[in-house]
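Student: Can you read through this structure? Questions will come right after.
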Amino acid sequence: MPDKRSQVISWDEFFMRVAIAASLRSKDPKTQVGACIADVHNRILSVGYNGTPSPISDDDFPWGDSDDPLEDKHSYVIHAEANAILNYRGSLKDMHHATVYVTLFPCHECAKTLAQAGIGEVVYLFDKYKDRVDSQIARRVLMTCGIRFRQIELSEFELSE
């Protein structure tokens, strides 16, 4: 009997790669964000990506930044973390102590939403807005609510044929 393969990715890496796959569904030309929520038993509860509300065609709204709120994508887009929570069809109590894997560190609004849902940990890949006040507020919300957060890096891997 052959030995089992030893070069497997960690659960953190697995769930982050699911979040990356979800981000590929985003129509945002500038920033594609994905999120994957996993429970304490390493089961995926939900995934989400940044996009317009599902009953709306994403062709009906702007995808750029603008000083005019009617023409700014931020007025219409739901963030990946919020979408993952809203997409979940089970009881929110299942999310207590769950981990959200997100490709970009959450904004302050998403931090509040994650706290309200009972998320226990945020694992993120990138933090390109870390110097903004919004990001500082998000960190303060997470810390005050006792939500752990940490950044990870992904390894290179090869699949055998």
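Placement of Cβ uses the backbone N, Cα and C atoms for every residue, glycine included.
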Student: Besides CYS107, CYS110, which of HIS41, HIS79 does TrEMBL list for that Zn(2+) site?
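Tutor: Between HIS41, HIS79, TrEMBL records just one in the Zn(2+) site with CYS107, CYS110, namely HIS79.
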Student: Can you name every residue in this chain, apart from HIS79, CYS107, CYS110, with its Cβ inside 8 Å of the center of the Cβ atoms of the recorded Zn(2+) site?
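Tutor: The surrounding set, listed in chain order, is ALA80, GLU81, ALA82, PRO106, HIS108, GLU109, ALA111, THR113, ALA138.
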Student: Excluding near sequence neighbours, so keeping only residues 6 or more apart in the same chain, what lies with its CB under 8 A of HIS79 (Zn(2+) binding site)?
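Tutor: In sequence order, VAL33, ASN50, PRO106, CYS107, GLU109, CYS110 meet the Cβ cut-off.
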Student: Does anything in the same chain, at least 6 positions from GLU81 (active site, proton donor), have a Cβ under 8 Å from its Cβ, and if so what?
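Tutor: GLU81 (active site, proton donor) has long-range Cβ partners ALA35, GLY48, VAL100, VAL102, PRO106, CYS110, THR113, LEU114.
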Student: Starting from each candidate's C-beta and looking 10 angstroms out, tell me which of the binding-site residues CYS107, CYS110 has the most other C-beta atoms.
Tutor: CYS110
